[in-house]
Structure formats: C-alpha cells, structure tokens
Amino acid sequence: MRKALLSIAAGLCAAGIVAGAAMAADMKPDDSLKYRQGLFKALAWQLGPVVGMAKGEVPFNNEQLALRASNMNAISKMLAEGFPKGSADGEIAGSKAKPEIWISAADFEAKLMALQTATAALAADAGKLSQGDLGKHVAAIGGSCKGCHDSYRNR
Ligand code: HEC
C-alpha cells in the first residue's frame, strides 16, 4: 500500500502536478501578490452569502453556511505562505501590505489565527444555528478582517 502510494506520488511529481506544493516554501515575492490577492478575493466572496444570511437578504441555509465556513477556514490556512519576505508595499508593485507585517510577525500571525479561529467556530456551529445566532459569528469573522487590515494593510 505504502509502496503504491509512493509510486503514485512519484508519478505526480514527474508529471509536475505537485510542483506547486514543492515550490510553495520559497514562493517568490512577485508571485505571492497574485496568490494572496486571489485568496483574499475568494475569502470575501465566501463571506458574502454569510453576511447576506445574517442580514436576512439571502435565504438562511445551514448547509450553505457549513460550506462557506469550511471554505473560509481553508483559505485562512492558505494565507500564511502568501507573505514571503520582500513582498511589502514598496518592495513589489501593486501591494498594499505594510512592512510592519514582517517586523511584527508574531502579531500578524496572531491576527491570521483570529480569522482561523472565527471561521472554525462558525464551521463547528453550522448546522445548529438559526438566523438570529449568525450575527455574532459575522461580527467575529468581520472583526478579524478589520483587526488585521487596520494594522497591516495600506489604504
Ligand atoms: C492577518 C491579516 C489579514 C486578515 C485576517 C484579513 N486580511 Fe484582507 N488583507 C490583508 C493584507 C495585508 C492585504 C493587502 C495584500 C496586498 O495588497 O499585498 C489584504 C487585502 C485584502 C483584499 C484586497 C485583495 C486585492 O485584490 O487587492 C480583500 C478583498 C481582503 N483583504 C478581504 C479580507 C476579508 C473579507 C477578510 C476576513 C474574512 C480579510 N481580508 C482578513 C490582511 C488580512
């Protein structure tokens, strides 16, 4: 079994399918901007219907909620590697990432962790929620976005 898995992995490597994963550890600063902007856009897209449900503008649906929550949680885990050193506003074109991200790295990580925790909490609760309960989750998730943007994103 193990041997079979190894040979599958070797096959994928040869095909270049896992090249992305192998390279992620040293993502180039120039490549990281599109990577993280794409993730942030997807994050905002996934949050949209959740906010809509909290406001009563989108029909409340626990399955959708569970899906959106787990998608956002997955994205939050993918974001950390999108901030290699040398990719701040001023170092690469088009970024709004403040250099403080790399100066206060532990605090930046904590702010990213707040997003992970808030989206995990929604994922854990989804299925048992009613529309009235959603507001506090939206506030926690939205608060984690704002908490990081206020400190680490240029306008
Ligand atoms: C840990 C910090 C952090 C958290 C948490 C965070 N953001 Fe951001 N966000 C940033 C930074 C830094 C940028 C600027 C990236 C750049 O331009 O290099 C950004 C940029 C963005 C952008 C612009 C992307 C683009 O195309 O330029 C959007 C949209 C966005 N964030 C949405 C969100 C939403 C929605 C949440 C919460 C669900 C969130 N962010 C949480 C740090 C964060």
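Positions of Cβ are set from backbone N, Cα and C atoms, glycine also.
Residues or ranges marked as signal peptide in TrEMBL: 1-24.
Same-chain residues at least 6 positions away in sequence with a Cβ under 8 Å from that of CYS148 (heme c binding site) are, in sequence order, PHE108, LYS111, LEU112, ALA114, LEU115. Annotation source TrEMBL lists heme c binding site at CYS145, CYS148, HIS149.
The record gives CYS145, CYS148, HIS149 for heme c. Within 8 Å of the mean position of their Cβ atoms, the other Cβ atoms in that chain belong to LYS111, LEU115, SER144, LYS146, GLY147, ASP150, TYR152, ARG153.
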